[in-house]
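Reviewing the structure listed below.
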Amino acid sequence: MIFSKISQVAHYVPQQLVTNNDLASIMDTSHEWIFSRTGIAERHISRDEMTSDLAIQVADQLLTQSGLKADAIDFIIVATISPDATMPSTAAKVQAAIAATSAFAFDMTAACSGFVFALAMADKLIASGAYQNGMVIGAETLSKLVNWQDRATAVLFGDGAGGVLLEASKDKHVLAETLHTDGARCQSLISGETSLSSPYSIGKKAIATIQMDGRAIFDFAIRDVSKSILTLMAQSDITKDDIDYCLLHQANRRILDKIARKIDVPRGKFLENMMRYGNTSAASIPILLSEAVQKGQIRLDGTQKILLSGFGGGLTWGSLIVKI
């Protein structure tokens, strides 16, 4: 049988840094108010870079690190809710920029679960035997979707990209997975709704910026994500003691605290970087993974079991246990 494994990781964030004090100068908030509620102190904001620009930086790094030629890449999946345009896909722009002429490319839209969903799909593509190498990138410029007068959401989000290179392997590395969607709760977190207007009717005005029912999302993350992780471990016979690190979507420090208690895993196993990047949606997990590799916490030698878990708009949530 053929399986997939993560062979390279990379990340990139825009240069512009925006601190909580910077935000306090343009809206009614303070560093203390933001940090005590979220664990976020600063975030990176794109000035003149689009989502594809961030993703291209990651793709270039993955190629350089791997030593592969671009035409050896079979597919590129970009997980994003902030694409450059409705079409072409952000992934198509990445494919062109790195000259991966043999690759097919498409975007995955699953909000903050996007990277986990895309990684699960990529694993199946390689397991089919038809493809050998693929890139999965989470990239966002959420600053373009934020209402900068709404302190309930503007303080949360940042821009960035992270990704992995997957290659075929004789050994199984994606050990367990669970993916979920509940569209009945979709209105809890929305952005970029299309207007219903046409030449024949005038419908409701489009909602362009991020709007969130914070309490509903907080409760959902603690209840549904915790339950799905516990179920995943039980069904796969992987215990909490087998897990070396937990890399969850970087939405809010309080959410991580509560999930750690719910699943009874030591808080020290939960890596985090939201303090420096904020919520980067589909990019948060791969950025966190890339930094953990840079720091030597995760070794990419196939000896560690890592829990990856994303959750967000849709509502969507999903987890993978991977051997890295």
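For all residues, glycine too, the Cβ spot is worked out from N, Cα and C.
The active site feature in Swiss-Prot is assigned to C112 (among others); the stated evidence is sequence analysis. Around the Cβ of C112 (active site), 32 further Cβ atoms fall within 10 Å across all displayed protein chains.
Sequence-distant neighbours of H249 (active site) (same chain, 6+ residues apart, CB-CB distance under 8 A): C112, S113, N279, S281, S284, I285, S309, G310, F311, G312. In the three-state DSSP classification, H249 (active site) falls within coil. Annotation source Swiss-Prot lists active site at H249 (among others), citing sequence analysis.
According to Swiss-Prot, the feature active site maps to N279 (among others).
Residues or ranges marked as region 'ACP-binding' in Swiss-Prot: 250-254. With a threshold of 8 Å between CB atoms, the same-chain residues lying at least 6 positions outside the region 'ACP-binding' (250-254) that come near it are 37-40, 112, 156, 217-218, 221, 272-275, 277-280, 284-285, 287-288, 311-312.
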Q) Within 10 Å of the Cβ of N279 (active site), how many other Cβ atoms can be counted across all chains shown? A) 24
